Amino acid sequence: MAKILVFDEAARRALERGVNAVANAVKVTLGPRGRNVVLEKKFGSPTITKDGVTVAKEVELEDHLENIGAQLLKEVASKTNDVAGDGTTTATVLAQAIVREGLKNVAAGANPLALKRGIEKAVEAAVEKIKALAIPVEDRKAIEEVATISANDPEVGKLIADAMEKVGKEGIITVEESKSLETELKFVEGYQFDKGYISPYFVTNPETMEAVLEDAFILIVEKKVSNVRELLPILEQVAQTGKPLLIIAEDVEGEALATLVVNKLRGTLSVAAVKAPGFGDRRKEMLKDIAAVTGGTVISEELGFKLENATLSMLGRAERVRITKDETTIVGGKGKKEDIEARINGIKKELETTDSEYAREKLQERLAKLAGGVAVIRVGAATETELKEKKHRFEDALNATRAAVEEGIVPGGGVTLLRAISAVEELIKKLEGDEATGAKIVRRALEEPARQIAENAGYEGSVIVQQILAETKNPRYGFNAATGEFVDMVEAGIVDPAKVTRSALQNAASIGALILTTEAVVAEKPEKKESTPASAGAGDMDF
């Protein structure tokens, strides 16, 4: 396959065009007056969204070189989303500004590596300032404000605050689609552990890459399963019931895994397999915890149970099992309350006698899993398009709220990034040459989110930014784009999680500096396909 090679300025400019294509589509969604973006779907109705990462994921450019730039910017959005769960649009806007200002300087003869060092030092200074401005999130009011801002919707904020109040800040909260028009909060007993599906072929929803099993049997095996003959008797028994099956084992491999995948793909049996959580003796105990929660029995040869002799009565049951690539949540386990309480009491006794800090931490984790429940937010809407958009906003808001609990909140609306400018300006005085220029690139980029929020609301961005910067006494002073007033952002409830703001800046600078130091791009050469006269009048078209 022939390749295209592009060097120096031409390579960087091609990447910049790709970056701009994604950023221009994404940045219109920023802020309370952010505009909608309509996404065409191959099947079904179009999606209308204000979520930056959703828009970014949809962009594929025809030009191979530009598409590489677009993919790099998508990486900024998805990385920020993975770390903090929100802030994707802010990260995109920052990255675009760093690339734009940086390439101007590289074209004028600046040393890209010195610029990169300057950018990194400036980001470090800005991050310290963000941490200094952070306010810890203690009460319900602060949690509600963060969720409301993230979703642009007070109803979302209230429900997430209710959910966190019920299950605690460390509790498990899941967002599901409701069959009705109403959005409701339900509290369900549940058990979650950090192991995902062994094979992606077990996925039932390719869009979210999740496997969901409703009213499932749960087979809990202590050993590694590789021999399919051991597994077949119980598989046949479950297949006759027509119910799905979750297998939790040390590992499932070889012909046993192949058999499960083939049965799943053929539709003979809805099945998923996950590795057991923990290691050694702790794994044995956690499997017993899961057995207590689901009302099953651990199939262990130590206890005299063999897998080939397993019966349906030994299997656990659960209303719903949700498995992602990283974790498994068992909701509505059919275990007896007294069995679960016996496990909890046993762990409490162990806690009293243990001296090891590590063992204590792990025991408390097990206790939380057994004692805690799952808060389920069931999202309802009139149409499928609205439902998907609303569910997405709930997920975003939930992630933002968790990030806020972790690292605190800062004034929103791009104000915190503007306040970080003073730290960067102090740093610029200590730097010289192209390193100082690199820091100035970050200084200019820090204005961009506030400017964009104002412009999306129909105001002149640069005027708003200057007015905020002119107020030096109150670091929380900023512009409420929803009402068009200048206010104390924290008092007005316009706050962002510090983690989101920090991650957005760090990821944007990382990709921005990468593009500035690019000297060559290698891309696939597009194939010229022969035109085929598929239908009358179509002979001149490329297919």
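Every residue, even glycine, has its Cβ placed from backbone N, Cα and C.
Note on Swiss-Prot: of 324-343, 524-543, the range annotated with the feature region 'Disordered' is 524-543. Sequence-distant contacts of Ala481 (ATP binding site), defined as residues of its own chain at least six apart whose C-beta falls under 8 angstroms from its C-beta, comprise Gly31, Pro32, Arg33, Gly413, Ile453, Ala454, Asn456, Ala457, Tyr459. Ranking the binding-site residues Thr29, Thr89 by other CB atoms within 10 A of the CB puts Thr29 at the bottom. Sequence-distant neighbours of Lys50 (ATP binding site) (same chain, 6+ apart, CB under 8 A from its CB) are Thr29, Gly34, Arg35, Asn36, Val37, Asn152, Glu389, Arg393.
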